[in-house]
Every structure is written in structure tokens, then in C-alpha cells.
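Report on the structure given below.
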Amino acid sequence: MKILAIETSCDETAAAVVVDGRQILSNIVASSMPLHKKTGGIIPEIAARKQLEFILPVIEKALRQAKLKPNIHMPVPRTLFDDIDLIAVTTGPGLIGSLLIGVETAKTLSLSISKPLVGVNHIHAHLYANWLNSSNQPGFPAIGLVVSGGHTELFLLTSHENIKWLGGTRDDAAGEAFDKTARLLGLGYPGGPAVSAAAEKFQISNSKFQNKIKLPRPMINSNDLDFSFSGLKTAVIREINKLKTMKQWNNEAMVQLAYEIQESITDVLVKKTLQASQQYNVKSIIIGGGVAANKRLTEKFHLAIRNLELEINLHIPPPALCTDNAAYIASFAFYHQKQIRWQELKADPQLPVEV
Ligand code: KG4
Ligand code: ZN
């Protein structure tokens, strides 16, 4: 089955063609990120205007790149859509102006070319990047961790049909913590890759310097599966002010602080995910979302699984599939073909992650 998927929940405009939920034929992403870099964060109005500009060229490019082949019954494809069996689209959560562009485009396509339509929850779908282009498919039961700019959520997956929400952040998401603290460090937007790059500089010189800066690991020892990252931002402000008073706020201190921010966030994510994995005795851990692209996070997961001698398979997608794209939307739709009439499909910026 060939699925054309559309994703427009935030500042990326994405379309992909995926076969049977696994094989990516094309995966096109256009982003208005360069514009948001100038303002240090996403301006929803600008993101929506750019979605409108990008949506059709991105879909056309995805269809052309997929090179839908003529077959014996239809030697010459009449339109770019002939070979597509189903259209999938993100319905939420996300920015309403951005979501509406994708949802209305998908509805229009479904109506005009008479193809079935599936609406997809962006957060659940992030996990399905682990089913793409991989010979090593995750086994059930699995713990799923979604770590993105707006979400930090833990799920228990006992099958494709059974995805149970276990816990999540009570305030800022992990990606948001990276973004907000990066801004305090003067590192710009998006914060995750910037903090990570700064932290690597400290790691390189780590043999010479001991990191004197210590930040809290919020909720690391709480018995539940919840997170809280907003206190980290306050702790970082306090640390910067202290260093400034002591006239020690310089590039070296910034790099040390970046290192400690990354250590704090990744320590908590690994600890809570393993806690859930042991609690539910799972076969796999599957991770998705922009923060899953963090190299230190991957490193720490591998280390912790080895140290605890757990028999758990860890699945983390390659970085390009961690951040927003439409390929995982297609994969999720393949495994959850809950078709909806175009008349009923709605964008929902607050689409809940609890099912
Ligand atoms: O999943 P995503 O692309 O969009 C949302 O659905 O939010 O995630 C974006 C988030 C941003 O907060 C960004 O700073 C973070 O992912 N991010 C990273 C890395 N790359 C992106 N965080 C830590 N390390 C990275 N390498
Ligand atoms: Zn996302």
C-alpha cells in the first residue's frame, strides 16, 4: 500500500510517499526555521503563511521523487496520484494556522481524487519513525518516549492498536528546556542542536577541567512517570547571575553550563524511561521527536541498558527521521488505517496524547 502523508503541525511543511508503512519512496521537508531563527522562536502567523507557500510544491516534489511506476494495468500513469492508495495527514496537536493548511489540502485531495483519508496524531506518530527503512522492527511490548519541542511523553505499546499514555511533563517539554536555556546562554534557536554543540566543546576539554557547575535533575527520583523541566531554566538563570557577579561569566563558563544542561535533561529522560521499561517488563524502547536526535541521549541509553544488564532492544531513528517529517505520519497511518470521511476531518491544536 502506498500512502501519501502530509505534515504541517509547526514550522515544517512535509510530504512523503511510503510503501507498507516501512519503505520510504520520498520524504520532502521545507522549513520556515530560518525566519524563526531571526526572532529566537516560532511566530505562528509566519509559520502558517509559509505553510501556504510550501504545501503544494512540497507535495508535488514528494510525488515526483517517489517515481510512481507505471504498472501492467496502467502503463502510463495519468496523474501523479494514480498510484496512491491512501492520504494521511496530521490533525494535531500543533499550531492551528499551520495544521489547517495541511488538513484542508488533504481533504481537498481526498475529495477530488477519491482516495481514502486517515487523520494522524502527531505525537503518537513520532514513534513510528522506528518502523521506517529498518530491517530491525521494534517488538511489543514497548515503552515509547516522545521528546519534542512541545512534548515529553511516555507510552506503553502492547500492540499497534493499544497505546497507553503513562506520564508526561507537567510544564516545559525537554525540547523547550533546551530552547529556553539556549536563549539564556545566547545560543539562538533551535536550542537543542546549539546546546549540544557547545556541550561537545566542554567534553573535548573535559580532561583538563572539572565541571564546577551543577544543576538539578528535576523529578529524577519521583516514583511516577512524570517530568518537569521548567525549574531547570530558573536554575540556569541563577547560575548565570552568580557567575556574572563573580565576574566569571565567559565562554568557558557558558560551555560548561551547556554541558550540564544536556547532562541534566538526558539523565532524567534515561532514568524515567528505564524505570517505565522495568516496571512493564518490555522488549523494546522506542524513541521519537527532535530531542531523540541528541547524540548524548543515545549514548546514555546504551550505557544504562548495558550497566543494568537489561535485555531490551533500543530503537532510535536516524536524526533526519527524529525531527518533523511526513514519513512517520505515513507509517503510523499504515498501522492504524482508521479511515475518516473528508467531511469529518478536523484540525485540533489540542489533540490529546492520552488514549
Ligand atoms: O519533533 P520536533 O522536530 O518538533 C516538534 O514536534 O516539536 O522537535 C523540535 C525540538 C526543538 O526543541 C529542538 O531544540 C529539539 O527538538 N532538538 C534537539 C536536537 N535536535 C532538535 N534537542 C537536543 N539535541 C538535538 N540534537
Ligand atoms: Zn514533532
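Quick reminder: no glycine exception, Cβ is built from N, Cα and C everywhere.
Caution: TrEMBL annotation is automatic and unverified by curators.
Per TrEMBL, domain 'Gcp-like' is recorded for 23-330.
Taken from TrEMBL, the feature Fe cation binding site applies to His122, His126, Asp324. Non-local neighbourhood of His126 (Fe cation binding site): Val146, Ser148, Gly288, Gly289, Cys322, Tyr328, each in the same chain, at least six residues away, with C-beta under 8 Å from its C-beta.
Under the DSSP three-state reduction, Asp179 (substrate binding site) is assigned to helix. The annotation substrate binding site is assigned in TrEMBL to Val146, Val147, Ser148, Gly149, Gly150, Asp179, Gly192, Asn294.
DSSP assigns His122 (Fe cation binding site) to a helix. Listed in sequence order, the binding-site residues among Ser148, Gly149, Asn294, Asp324 whose CB lies under 6 angstroms from an atom of ligand 2 come out as Ser148, Asp324. The Fe cation site is set by His122, His126, Asp324; from the centre of their CB atoms, other residues of the chain with a CB within 8 Å are Glu7, Ser9, Thr90, Ile123, Ala125, Ser148, Gly288, Gly289, Asn325, Tyr328, Ile329. Screening the binding-site residues Val146, Gly149, Asn294 for a C-beta under 6 A from any atom of ligand 1 leaves Gly149, Asn294. The Cβ neighbour count for His122 (Fe cation binding site), using a 10 Å radius and every protein chain shown, is 27. Under the DSSP three-state reduction, Asp324 (Fe cation binding site) is assigned to coil, being neither helix nor strand.
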